[in-house]
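As given in TrEMBL:
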type	residues	note
DOMAIN	1-34	domain 'EF-hand'
DOMAIN	35-70	domain 'EF-hand'
DOMAIN	71-101	domain 'EF-hand'
DOMAIN	102-137	domain 'EF-hand'
REPEAT	172-253	repeat 'Solcar'
REPEAT	262-347	repeat 'Solcar'
REPEAT	358-444	repeat 'Solcar'
Amino acid sequence: MDPFRGLFVKLDQNKDGLISLDELHEEMRKHGILSADGKVQNIINLYDKNKDGLLDYKEFLSYMMDREKKWKIYFNDLDKNKCGVIDQEDIICLFKELGVVISKPNAKKIIQMMDKDSSMTVDWGEFLHHIILNPVDNIGELVLSWKHNLVFDVGESRAMPIEFPEEASGFGAWRTFVLAAGLSDAVSRTVTAPIDRLKTQLQVSGSKTLSRGFQEMRAGGLRSMWQGNAVNVLKGTPQSTLQCLIYAQMKVYTQNRSQETLTVQQRFGLGCISGAVAHAVFYPLEVLKVRLNLQQAGTYQGVTACARSIYRQESLSSFYRGFKPSILCMIPYAGVECAVHQSIMSWARSNPAYNSDSKLFFFSFVAFASGQMSSYPLAVIRTQQQAQAYSSGSQSASGVYSGLIGIYERNGFRGFYNGMGASFVRAVPCALINYTLTTKFESVFSSMES
């Protein structure tokens with residue numbers, strides 16, 4: 001009982017003999033547990049017998065005893081060879097049962113989260129210390145919390161880096177990831193579609209002000225603000241998934257060969273390759289999105305009509321118009337974002353002072369901004385070339401170099417970053433929606449799988 005009494009005293013920060021929701025939640029954040037608000041409230045609701053919104057020691061002890069009894073059973077299940085401890089092989093076996101291939105360096109990181117005596121094994125006492133204030137209810141949710149406390153790498157085509165749930169090989173694991181990430185991605189793209197369309201107009205026309213851009217969008221009615229959103233969703237989600245798959249397979253291969261975590265240079269290289277390949281596969285849909293964004297209301301009756309018009313009136317090669325600056329844009333963007341994102345997040349998550357939702361979101365935005373700044377002029381060239389043969393007001397940009405010169409002559413240095421403000425404005429709500437919904441959906445689908 002003494003360890004629980006000591007924990008109770010530690011949690012009772014104002015020394016009133018009671019634990020409040022805020023005190024319990026603050027301690028859980030120190031353990032690296034994010035978005036636990038609903039679960040903490042549920043704990044209070046279940047064990048607060050006198051309904052005063054607080055836990056006294058007797059109520060707290062009841063919660064601790066239930067947790068200990070429940071997780072002792074789970075610990076014995078995790079200990080495959082029944083030696084009384086959990087090691088790296090047990091972690092790898094657990095992930096394999098869930099349809100996920102995890103590299104040995106990441107299995108080692110999970111053990112190190114719990115290992116207090118540097119033995120590279122976890123006994124029952126260490127496991128209980130790790131789990132006792134984690135409000136997860138089952139093994140599936142525990143694995144999910146491990147994945148979110150490790151740093152998993154990113155894909156470009158969303159507005160901000162996504163958290164990828166490690167190298168999934170089983171159908172169940174991939175179904176969980178694709179459903180969670182795909183649904184949240186579709187919602188975030190749809191909500192922010194008007195801002196994305198405005199960004200495209202500014203990239204093509206350059207000299208337009210924000211107000212003029214909104215006026216032109218408003219001329220087509222409310223519905224026109226979502227022109228091109230369907231193809232944007234159709235392109236974005238599978239491209240993100242493909243990029244993550246390529247990156248993950250290369251990552252696990254590299255780590256298993258070196259038996260070490262990736263360096264910044266390796267993350268940059270893998271991000272460049274995975275981003276370039278996925279982008280090349282889905283590039284024709286990017287061209288369709290730009291054409292639909294720039295059309296006058298009613299020009300095209302849907303995605304199929306737009307594709308048919310390009311093929312008949314231009315040529316098949318038009319579906320890859322602007323591909324050269326686009327791929328040159330993608331390579332530094334994906335590489336910089338991967339390298340900066342994982343490096344910053346690894347540092348932040350190892351420091352409890354920076355391990356909060358708001359600060360992690362800020363660090364993700366820094367990574368996104370770094371990728372944008374490094375490649376945005378090429379993105380402007382790409383969009384202008386995609387718009388050629390359609391928008392008479394756009395300037396010709398037959399080559400990357402001539403396109404850069406033309407932008408500078410017309411609009412100066414500022415022209416290289418036309419629409420970037422709208423891109424940053426879109427990124428904030430887009431990332432918040434992605435972060436919130438992906439976590440929620442993944443938790444729901446993982447619980448259903450369990």
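Here the Cβ of each residue, glycine as well, is placed from N, Cα and C on the backbone.
Keep in mind that this is a model prediction, so the values were computed, not measured.
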Tally the residues of the domain 'EF-hand' (102-137) by DSSP class, grouping H, G and I as helix, E and B as strand, and everything else as coil.
19 helix, 2 strand, 15 coil
For the domain 'EF-hand' (71-101), DSSP counts of helix, strand and coil?
18 helix, 3 strand, 10 coil
Per-residue pLDDT averaged over the domain 'EF-hand' (35-70) comes to what?
84
How many helix, strand and coil residues does the domain 'EF-hand' (35-70) contain under DSSP?
25 helix, 1 strand, 10 coil
Counting each residue once, how many in the repeat 'Solcar' (262-347) are helix, strand and coil under DSSP?
72 helix, 0 strand, 14 coil
